[in-house]
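Asks: To start, I am sharing the structure in question, which I have written as structure tokens.
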Amino acid sequence: MPLSDFHSRDELVMDSLGITSLCNGGSPPDKLSNGCFIDDPLAKSCSLVGNLLPVDKVGKGHVEPSGTMQMELISASTACSSQLDNDSVMRYVPNEGESRCGWGTFTPGFLQMFNTPRGALFFLCGASLLQGMVVNGLVNTVITSIERRFDMHSYQSGLIASTYDIASCSFLALVSYFGGTGHKPRWLGTGVAFMALGSFTFALPHFISPLYKPSGVSEQATCAVTLSNVNNSFAHGTGACQGPSSDLARYRYIFMLGQFLHGAGATPLYTLGVTYLDENVKTTCSSVYIGTFYTAAILGPAVGYFLGGISLMHFTNPRFKVLLNPESTQWVGAWWVGFLVAGAAAGLISIPIAGFPRHLPGSERYMAMQASRSFQSPRRTKESPKFSTAIRDLPRSAATLLQNRTFVSLCLAGATEATLISSISTFGPKFLESQFNLSASRAATIFGYLVLPAGGGGTFLGGFVVNRFKLSCQDIIRFCTCFAFVCLFCILVFLMQCPNAPFAGITVSYQDNSSFMQHDNSSFVDPLVSACNSNCSCMHSTYNPVCGTDQITYYSPCHAGCRSVYQSHPKTYKNCTCIIATEEGRAVHGQAVAGKCQGSCSTLPLFLLFFFFVIFFTFFCSIPALMATLRCVPDGQRSFALGLQWIVVRALGGIPGPIAFGSFIDRTCQLWQKDCGELGACHLYHNAAMSNSTLLLGITYKLLSISFFLAARWFYLRREDTPSASSGSSDSTDSPCTPQLTRTP
């Protein structure tokens, strides 16, 4: 490669290399007697101020597969020295043919208008928006409907959510290690295509499972007394069992496969996508580009919650006419629509992403300016560790990072924070639905309105504060510790509990005081069976709650003893033997209206206010914490450290978090769906127990997070006391971490 191809234009000034120069002009480079070249366009009529040395002259160079020469950039004081700083290697400089946008040999001219940093940012923002919309938005929005449709427990739905992180942990090390030196856009395009396949797979159970038909739609599910109704099988709530509906829960493996493909596809996005943008823009502009990229990622969940809330307003089988409404507990919305939309969009956007070149035109000047920062570290007293791209160096590189106790402490702090974030994202709508007696669609919509300003605003302001006040890494760790304490106090909002609405046989007894009856020849106690409905042949598989005139919720019209129904909106049942009403001074059988009774809790606005601050302060510390993480590792290992950190965060936080929260929530269930002796989804949670469990887990993980932040600060201070120990990082207490905002995932 001709050396003149390496010449950068006016932006590449020697001041960016830490070398004082007043030179300008332009002439071909002259060759020195020692075999070096003077970059004369920057040094005309001057003494030696900078050199560009082909690395093969000192036995360290090689020709890249693309045909470009790897170059070594050295300062005047070390001209042609064989003792070259490993961090000053100019890894790759593309030539004109390699920087065209297209696929293979198909590089038409009209595509080159997109071959800019803004074009790459546009499509990468689209990919991050879709990833956030699907994984952190749609999945969390429809999880309650999927539980109801496929008879799954909360821990099973938590396992579905965690499969995404399992896939990420499986591929992060390889993708970040090998993809960092490969063709990043092709890795990114392939990943987005896998995300599209995952979305289609996630929607597949809707099309291959039996048609969903709510119980009680074709029949009124009222009490019809006959002599045969004395059968104990009905009294036990089994009825005419035709096989366990729990077979539907087996479809969870298809959901897990879809989430696995989502996780595998999104792996390159927040590792290679960030570094690709960072390499192809000016250092002063990279914060804007990366900030925009993460803003799109944060907007994704909000879009997912809105799209999911709208789709849940429509019944899951469009051609099946039902008399239910979204407020009914048997209602299952069209949870699958959003995944088809996201899959189609991801498939389309993967094509242009894969067509971008390895490096955008003109990126060599920015790469040179970024590499020059290696010369300006006042604390660099020894060479940073150097690793090749061979797989045999991967364990040694990982071991080097794991010996950095500051890095490990910050990773563990990130894992505890990720546990809280992933758990709140997964079960937040369910918590609102249970505590405040909301429908699934309304709970998802409210949660979406909450996440957008809290998560997006917290992430943006966290990076802005660090940038505005030029905080050092030590100050960043102190910053995260302080606001983790603030968030700990905000978590006390879960002390605000709403009482359960009265539910016959569960929270209150039937009015005839004959609940919890003992059945003949069995020790089974059925709280839903009473003397007023014991001959009604009510089935537990038919959950269709009604609200009586006594303001008590009953499991179904049958369990309320209702004998007839009005076909009106709302549907009203009459002559209910379990509901005692007073009419003209005498007791009569009351009426019931379809749906659960509304609770008396009016604290929803106040709860949402404090819950907003829980989400806000959690995200407020996320970007600064990741900035500090990348500033405490060697420059040459930052890409791999990014991948390794995500492995720790997901293995210890993202994967076990939703599973643990789901298990604790399952323990608070008061009323399970029973079908042929098998437990299905939970119909009624104990609100106080759910709040206490969430409070306990939230406080536990926040205390762990604070402890790890304190440990990181202690290890960092000890590291600064030993100058040789800090040689692997270019950070100092006097050197702000602001430029690294662009590298934070």
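Placed from the backbone N, Cα and C atoms, the Cβ positions cover glycine too.
Remember, TrEMBL labels are computer predictions, not curated facts.
As annotated by TrEMBL, compositional bias 'Low complexity' applies to 723-739. Residues or ranges marked as domain 'Major facilitator superfamily (MFS) profile' in TrEMBL: 120-723. What TrEMBL lists as domain 'Kazal-like' is 526-580. Taken from TrEMBL, the feature region 'Disordered' covers 722-745. The transmembrane segment annotation in TrEMBL covers 120-139, 159-180, 187-208, 253-277, 289-313, 333-356, 446-464, 476-496, 606-628, 640-665, 695-716.
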Asks: Take the transmembrane segment (695-716) and find every residue of the same chain, 6 or more past its ends, with a Cβ under 8 Å from one of its Cβ atoms.
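Replies: For the transmembrane segment (695-716), the sequence-distant neighbours (Cβ-Cβ under 8 Å, at least 6 residues beyond its ends) are 405-406, 409-410, 412-413, 416-417, 419-420, 423, 473-474, 477-478, 480-481, 484-485, 487-488, 491-492, 494-495, 614, 625, 628, 632, 660-661, 664.
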Asks: Would you kindly list the residues that approach the transmembrane segment (253-277) from elsewhere in its chain, counting only those six or more residues past its ends and only Cβ-Cβ distances under 8 Å?
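Replies: Same-chain contacts beyond the flanks: 117, 120-121, 124, 127-128, 131, 134-135, 139, 146, 159-161, 163-168, 170-172, 175-176, 179-180, 184-185, 187-188, 190-205, 286, 289-290, 293, 297, 339, 346, 639, 642-643, 646, 742-745.
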Asks: Any residues 6+ beyond the ends of the transmembrane segment (120-139) with a Cβ under 8 Å from its own?
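Replies: Long-range Cβ neighbours of the transmembrane segment (120-139): 114, 160-161, 164, 185, 188, 192, 195, 198-199, 202, 259, 262-263, 266, 269-270, 273, 276-277, 280, 289, 292-305, 307-308, 338-339, 342, 345-346, 349-350, 352-353, 356, 360, 425-426, 448.
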Asks: Is it the case that the transmembrane segment (289-313) and the transmembrane segment (640-665) have 3 or more CB pairs under 8 Å, with pairs at least 6 apart in sequence?
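Replies: Checked: the transmembrane segment (289-313) vs the transmembrane segment (640-665), no contact.
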Asks: Which residue counts does DSSP give the domain 'Kazal-like' (526-580) for helix, strand and coil?
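Replies: Result for the domain 'Kazal-like' (526-580), in helix, strand, coil order: 0 helix, 20 strand, 35 coil.
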Asks: What parts of the chain pack near the transmembrane segment (606-628), using Cβ distances under 8 Å and only residues at least 6 beyond its ends?
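Replies: Same-chain residues near the transmembrane segment (606-628) but 6 or more away: 294, 298, 410, 413-414, 417, 420-421, 424, 435-436, 446, 450-451, 453-459, 461-463, 465-466, 471, 473, 476-477, 479-480, 483-484, 486-487, 490-491, 493, 496, 645, 698, 709, 712, 737, 740-741, 743-745.
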Asks: Which of 159-180, 187-208, 333-356, 446-464 has the most Cβ pairs closer than 8 Å to the transmembrane segment (640-665)?
Replies: 159-180
Asks: Taking the domain 'Major facilitator superfamily (MFS) profile' (120-723) alone, what is its mean pLDDT?
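Replies: Across the residues of the domain 'Major facilitator superfamily (MFS) profile' (120-723) the model's pLDDT averages 80 on the 0 to 100 scale.
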Asks: Using a cut-off of under 8 Å between C-beta atoms, tell me which stretch among 159-180, 187-208, 446-464 contacts the transmembrane segment (333-356) the most.
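Replies: It is 187-208 that shares the most Cβ pairs under 8 Å with the transmembrane segment (333-356).
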Asks: Cβ under 8 Å to the transmembrane segment (446-464), counting only same-chain residues 6 or more beyond its ends: which ones?
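Replies: 137, 140-141, 287, 291, 294-295, 298-299, 301-302, 304-306, 308-309, 425, 428-429, 432, 438, 608, 611-613, 615-624, 627, 741, 744.
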Asks: Using a Cβ-Cβ cut-off of under 8 Å, list the residues of the same chain that are 6+ residues beyond the ends of the transmembrane segment (187-208) and lie near it.
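Replies: Contacts of the transmembrane segment (187-208) (Cβ under 8 Å, skipping residues fewer than 6 from its ends): 124, 127, 130-131, 134, 139, 150, 175, 179, 251, 254-255, 257-262, 264-269, 272-273, 276, 316, 335-336, 339-340, 342-347, 349-351, 353-355.
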